[in-house]
Amino acid sequence: MAMLAEPKRKQKWTLNPRGKQWSDDSNKFGQKMLEKMGWSSGKGLGAKEQGMTDHIRVKYKDDQAGIGFSISHQDKLWTEQQESFNDLLQKLQETKDSPKIECPVDKEKVTSGQSLELKSKQSRARVHYQKFTRGKDVNRYSTKDLANIFGKKNLDECIKPEVKPCKPEPKSNISIGSTDTTGGILTVMGGTMGDYFKQKMPSKFTQKKTYEIDGTSETESNDEREQTS
């Protein structure tokens, strides 16, 4: 059973893969011209001979890495995050050891972090609109606004005592037909429901008695008529 490895690729083999025949040839026109100007093999190009000392070589690219990719640069990227984290820890340690200096701070302008609007303006790619940044910028909020958002009471505000509304005392012994001018409105006291029935019951009883008296007088008159007949 064959071992699993990289996918197979076609390879072309040449007799001069590194271009040594061209580099070892001393009869080239360009090399002779440079030697006349003071250059010799082994030196770099440029006014101060700071350029490359070897010729450009062709390298077959058989992976999906970008142009100019190198393994050393990739290893540096792996450790870059750890280095930035170490720098952050070092800064925190320095601020902890340094003495604290108290500065007067306005309570209405206490904010935290960097302004979102300022950060958006400084960025190269303006991805936020000004209306969006102003609406989402917490730095523009005061302590009172933040307390209202998070549901906390503002300690600077004084606690007001609760004022209970005064209930009107029930008036007793109010005569029916009396007037009252409280609040600038004339009110005629008509009495309660109980007073109304108390006033109507005697008249009802007297009316019933008159009916009974009238009924007895009518029966007596009828008896007298029968006896005479």
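Cβ coordinates are placed from backbone N, Cα and C, and glycine is handled just like the others.
Here TrEMBL flags 161-170 as compositional bias 'Basic and acidic residues'.
Taken from TrEMBL, the feature compositional bias 'Polar residues' applies to 172-182.
Break the domain 'G-patch' (26-72) down by DSSP state and the numbers are 10 helix, 0 strand, 37 coil. Residues annotated as domain 'G-patch' in TrEMBL: 26-72.
Among residues of the same chain six or more beyond the region 'Disordered' (1-28), those with a C-beta under 8 A of the stretch's C-beta atoms are 41, 54-55, 57-58, 62. Per TrEMBL, region 'Disordered' is recorded for 1-28 (among others).
Taken from TrEMBL, the feature region 'Disordered' covers 161-182 (among others).
The region 'Disordered' annotation in TrEMBL covers 207-229 (among others).
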